Amino acid sequence: MLKMESDGQGVARLPVYRAALPLLRDLWVLAKARVVSLLVFTAAVGELLAPATFTHWPAALAGLVGIALAGGAGGVLNQIVEPALDQHMRRTHGRPLANGRIGRSGAIVYALVLMSLAIAILSIWTNPLTLVLTLLGTVGYGVVYTLYLKPSTPWNIVWGGLAGALPPLIGWTAVTGQLAALPLVLVALIFVWTPAHFWPLAIYCRRDYAQACIPMLPVTHGVDRTRREVVRYALATWAVSMIPALLNRDWIYGAIAFGAGAWFVVMALRLQRMAIDADMDRYARRLFAFSISYLFLIFTALLLGKAAVSYGLV
Ligand code: HEM
Ligand SMILES: CC(C)=CCC/C(C)=C/CC/C(C)=C/COP(=O)(O)OP(=O)(O)O
């Protein structure tokens, strides 16, 4: 039950903090905070894999806060561009800009605040390379993908995915100031994972995308072609995921990545063999959910492998 307070003139009003909750929830959704949380996790792993992370802890912390803020700004930019599209899709019609709970100018101010804070924090505590890569991430997703690629080509997410693949490299450069082979391989891993992550969702949302005239692959090339591509990208993800095992001679990570990647491929193949019906849509939803757990598991395994080596367990 919601408790009301009286203002002394007999008018009941909500306590301020209770009234602020829906706004905070809207700001959370606008910043796509759940997606950003996985971006930040992959960045944190990039940092922890880098040499001497803890001697550079202010830069490491600033890198994570900067990525969270800049990733959030990307999410807000995306929704500023797409309220009409979001209104037409069941999955997105309740978003705060789409249903008018937050106005366009309020969202623009929010994006500017997030981005300014990100730039300030990264400039003060990290280095120019980290700042540039983070800006590329926000502009790549919020502008290039949302404004140009998404409405014009079914391969939108292959190239748009590059933006979301950058965080492990950004985490590494925040701590070291330099590029290196391992974080570049992790960028490649997320790059090839992204289509296998997104196209299962595009399959079960294909009618919504068609109605909104967004040329996602299942709309332009059909479900069969999309399922074949999911298998290909799941295989590519499996292959790329083995490179860190070889680079680091890390067999703990290697075993986990091998098993998880094999399961990803098996699920993609199962999806491919199903009849196109409601069961297939449900299975595509499971594969989409699995793709998220998969990435979380693989990045956790990288940490486990490094910890095992550091503590002399292998
Ligand atoms: C351009 C590349 C990408 C596309 C097109 C894409 C697409 C999507 C879509 C459409 C959703 C559903 C969101 C919703 O219902 O609000 C989603 C969810 C999600 N994505 Fe991605 N994604 C991409 C890249 C990434 C990357 C790089 C990561 C993390 C490293 C990621 C992590 C997640 C997570 C954690 C969710 C679940 C959010 C939730 O539970 O609400 N995505 N993605
Ligand atoms: C700084 C940095 C590294 C930025 C990363 C950019 C970023 C937030 C990437 C995530 C990609 C994402 C949420 C795509 C959703 O696709 P969509 O927008 O087509 O989905 P929708 O239909 O749910 O809006």
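Just so you know, glycine gets a Cβ as well, placed from its N, Cα and C.
What TrEMBL says about a protein is an automatic prediction, not a curated fact.
Copied over from TrEMBL, here are the features:
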- 35-54: transmembrane segment (TRANSMEM)
- 60-81: transmembrane segment (TRANSMEM)
- 102-125: transmembrane segment (TRANSMEM)
- 131-149: transmembrane segment (TRANSMEM)
- 156-175: transmembrane segment (TRANSMEM)
- 181-199: transmembrane segment (TRANSMEM)
- 230-247: transmembrane segment (TRANSMEM)
- 253-271: transmembrane segment (TRANSMEM)
- 283-304: transmembrane segment (TRANSMEM)
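Under the criterion of 3 or more C-beta pairs below 8 Å, with sequence separation of 6 or more, the transmembrane segment (283-304) and the transmembrane segment (131-149) do not qualify as touching, having fewer than 3 such pairs. Within its own chain, the transmembrane segment (156-175) has Cβ neighbours under 8 Å at 39-40, 42-47, 49-50, 52-53, 56, 59-60, 62-64, 66-67, 71, 74, 122, 126-127, 129-130, 133-134, 136-141, 144-146, 149-150, 182-184, 186-191, 194-195, 198-199, 215-216, 299, counting only residues six or more beyond its boundaries. The largest share of C-beta pairs under 8 angstroms with the transmembrane segment (181-199) comes from 230-247, of the ranges 35-54, 60-81, 102-125, 131-149, 230-247. With a threshold of 8 Å between CB atoms, the same-chain residues lying at least 6 positions outside the transmembrane segment (102-125) that come near it are 26-27, 30-31, 58-59, 61-63, 65-67, 69-70, 72-73, 76-77, 79-80, 83, 96, 131, 134-135, 138, 142, 174.
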